[in-house]
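Database features (TrEMBL):
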| type | residues | note |
| --- | --- | --- |
| BINDING | A:G171, A:H172, A:S173, A:I237 | NADP(+) binding site |
| DOMAIN | A:11-126 | domain 'Tetrahydrofolate dehydrogenase/cyclohydrolase catalytic' |
| DOMAIN | A:145-286 | domain 'Tetrahydrofolate dehydrogenase/cyclohydrolase NAD(P)-binding' |
Number of protein chains: 2
Amino acid sequence: MSVEGYESRIIDGKALARQIEDEVKSELEALESGRGITPGLATILVGDDPASRMYVRIKHRACERVGIRAEDHILPAETSQEELISLIDSLNKNRDVHAILLQLPLPKHLSPQEAMEAIAPEKDADGFHPYNMGKLMIGDEGLVPCTPHGIIRALEEYNVPVKGKNVVVVGHSNVVGKPMAAMFLNRNATISVCHVFTDDLKRYTLGADILVVAAGVKHLIKADMIKEEAVIFDVGITQEKDGVYGDVDFENVIKKASLITPVPGGVGPVTVAMLMKHVLKCAEKNF
Amino acid sequence: MSVEGYESRIIDGKALARQIEDEVKSELEALESGRGITPGLATILVGDDPASRMYVRIKHRACERVGIRAEDHILPAETSQEELISLIDSLNKNRDVHAILLQLPLPKHLSPQEAMEAIAPEKDADGFHPYNMGKLMIGDEGLVPCTPHGIIRALEEYNVPVKGKNVVVVGHSNVVGKPMAAMFLNRNATISVCHVFTDDLKRYTLGADILVVAAGVKHLIKADMIKEEAVIFDVGITQEKDGVYGDVDFENVIKKASLITPVPGGVGPVTVAMLMKHVLKCAEKNF
């Protein structure tokens, strides 16, 4: 269970996140001193799911670190769709709120899609609004989802070429898999998207120069499923009593990969840092 | 150069288009008699590119066949972006116009993207507006691009299962490749998107249960590049002095494929018929 000797292959998500946060900090200071604007993020949490609470807390802490003003809106689990939309409407109109983040998942009786669409596209820090998704799809990237954006940033940081490469994305969620594939396609990679209905996952993953796994299945990807020298991003998080696990069998896969993100400390922190970048972008554009 | 003995493998696009147009016709009659609404399509052509003129004419003829009222707006090649947007604005407001089609390509000095975005999403018969593209991407398909929609319809018509199948799309345009891949992904196929930067096209096409080719390269796909029993859609059109050619080497590939669209008479007529369906849909929703 040791990765001794392979440390140089680990993509250090925490270090990259710090670097991105430092960029945000200095741009933010320029925005404050130059135009007197302090970026503001409003988070909305419906209900008291402990994991969701934790994610919101992590985002608020990041806001504090970079100097973003953060509002914490917590609604009871029994909130109606109308009440949720009405809060979103008021935040859309609030000029001190430049970006809105609706923490998912919502309680079952609420429609996340309708709520997401109610967020003004220019305040859509998560990039989940259909308008922003469509812009991404046609290659005019504005506000894009944070996790895929962070992965693209990491590839740039580690000088991994994308154009013409064979990229495989495992998982076809709206949050990660689909926007990730679109971003690679915009950069002229050849992409494949696999998921729970894929009949021969290994045939695909074996061909991947770059592999992004967002399936939420502990250790789905084993060493015999990847190509030598592959670059691997592990978006999965499975919480068990004895720790947190990714979708990739890290200890064995690292011996074959050229670069790989750990779980935790890989994609997670970078995602949060990209969110800060998006809030800043919303504030810069909105006035 | 004969396909004798293989005729049953040909997807008859003309017949399918007639069937779709018949559906539109009867739904349209119900709409007229029931609610007094005659669906209206406004086409916009900028300049006098002969191919574009022909495409617009084909669409107008289809409108005539099914009973859609069609307006033909032809602007001179030197039209400014402002003039184009102003026409679109007036058509957006016109209650007799339920759907708007901007014929592409536009003259070089105009921005197709900005013009497309100016079209009201609910009148966007081609499904190219970012909002509609985004809805498609997140799996909530409303107005989607006509060619991919026609191909999905043909698969249904010929009882070809999609879920879990290996689908390869060649070409990553906003008009065909990207929305096509999204529609397959929404139906839980495993998808790969190849294009001009793909390093080993054959490796991908050989694995395809369903292959959609929209590269615009005459006879790009040869018999040795496809799997036995593959289902093949040829979206390519290359016009040469002696005829029109698709992206697939039809005469040889048909001997290996289980189903294949010819060029012409395959995807083309179905695309036009789907446009009629979309205009009808716009009219049904808009009042």
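Each residue, glycine too, has its Cβ placed from N, Cα and C.
A quick note: this is a predicted structure, and the numbers were derived from the prediction, not measured.
What TrEMBL annotates, mapped onto the structure for a quick look.
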residue : record               : contacts (Cβ under 8 Å, 6+ apart)
A:G171  : NADP(+) binding site : A:G177, A:C194, A:H195, A:V213, A:A214, A:A215, A:G216, A:V235
A:H172  : NADP(+) binding site : A:K178, A:A181, A:V193, A:C194, A:H195
A:S173  : NADP(+) binding site : A:A214
A:I237  : NADP(+) binding site : A:G216, A:V244, A:Y245, A:G246, A:V263, A:P264, A:G268
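Chain B comes within the C-beta cut-off of under 8 angstroms for the following of the binding-site residues A:G171, A:H172, A:S173, A:I237: A:H172. This prediction places the mean pLDDT of the domain 'Tetrahydrofolate dehydrogenase/cyclohydrolase catalytic' (A:11-126) at 97.
For the binding site of NADP(+), formed by A:G171, A:H172, A:S173, A:I237 according to the record, the largest Cα to Cα distance is 16 Å, rounded to a whole number. In terms of DSSP secondary structure, the domain 'Tetrahydrofolate dehydrogenase/cyclohydrolase catalytic' (A:11-126) contains 63 helix, 19 strand, 34 coil.
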